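Pasting in a structure now, in structure tokens, and then I'll have a few things to ask.
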Amino acid sequence: MSFLSTQIRQHIDSISKNEPYPFFTYDLDGLAEHLQGLTSSVSDAGIKLWYAVKANPLSSIIKTIDKSGFNFDVASSGELKQVLKQGIDPNRVLNTGPAKSKRQINEFINLGVRTFVAESLNQVTWLNEEAAAQEVELDILLRVQLRWPEGEKNSLGGDSLTPFGLGCEQWQALNIADHSQLNFTGLHIFQWGNMLSTEKLADLWSQMVAPLQQLATDLGFELKTLDLGGGLGIPYTEEDKQLHWPELIEALSLIKKNAGVEQLWMELGRYAVGEYGYYANPVVEQKQNYGVDQLIMAGGINHILRPAVTSQDFPALLLRDSNAPSKSFNVHGPLCTALDSLGEHTFASDINENDWLVFNQCGAYGFTESMPYFLCHELAAEYVIENNQTHCIRPAQPAQSYLY
Ligand SMILES: *Cc1c(COP(=O)(O)O)cnc(C)c1O
């Protein structure tokens, strides 16, 4: 498997000739083709796809995803407004997220959103109150956090507590008859990340059907929609496995059948866009230190934080061809903290201050997941490749543009 095609490499190379700072490039052509492959097989199966906007909220990414027929899952006012700004109908927007204040609920309903994942008893109350005030009805999915007793077969995160949703026991306190403006249509569950095995995912999903059906029965509503969230992984090393979409669809269809629901929803972030983004980063220098070869880069976790929070590096390549023998380098960003490591990678030994590295699989959880202000370096630029042409969407911005 190669993470960087010759064609993308050429585009990145030509941008780098005129761009002094680190930049992201998103391959919208590749993305459109990939999404086409995802959406073409799902509608017959009764599976509805949502894009989790937090993975990458860039305007041109959202527009490409819109064209493919995905709907949009947003978790903040900022994400909602960015989606609406691209001309997307609020009827195609779903709101998930643990922090829905009364103010945010008011704003979302006001802007036309009608589908919500409720994550607490307060959220249900506030959604009902606000819907009554604005004289609308809302579709509600309850977010469930499952747990298995210690020692039992358990792959859903066991007894680790998160703020996402409530346990089945906690939801028992809900009286759905008290909420005249709300149609309780389904349940939402999502407690895993970056999974690369269809078998494991199918196993997780099938363990959830019985407790979820039981909860809907207990609360007295018909389970029409089952929303399984995201968590589909992409490879970050050459050796990683890859998910096979037709197999996943097959597994999902089986879950749908067993759960007896009308619709099965998936909210894809990483799996939708992760493989279509590249982060190009100038080498500042190579140096030797205590017998180790180090590379100091212009950009680091200020632009791609993920390695520091997951201990998983983005796969990297030298942009230029070189015949020099390769060796291993510790790659560091520009921040004055040892956390700013981009991993250990093998490159041609003649790599120098005129070179660029390209980090792959950076389409999701890159630009907006990072910490760009720390140490006042430039914000990374963002380019897209569309119809085989490159365009700059966001120029690199100096610290003066955001410091007060
Ligand atoms: C982040 C998130 C997703 C997307 O997760 P991926 O692992 O990127 O697919 C989906 N749903 C919700 C509610 C999320 O918070």
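Just so it is clear, glycine is given a Cβ too, placed from its N, Cα and C backbone atoms.
Features from TrEMBL:
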ACT_SITE  CYS336  active site, proton donor
DOMAIN    46-273  domain 'Orn/DAP/Arg decarboxylase 2 N-terminal'
MOD_RES   LYS54  N6-(pyridoxal phosphate)lysine
How big is the gap, in Å, between the Cα of CYS336 (active site, proton donor) and that of LYS54 (N6-(pyridoxal phosphate)lysine), rounded to a whole number?
28
Would you find the one among the recorded positions LYS54, CYS336 whose Cβ has the most company, meaning other Cβ atoms within 10 Å?
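Buried the deepest by this measure is LYS54.
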Should the residue listed as 'active site, proton donor' be counted as helix, strand, or coil on the basis of DSSP?
coil
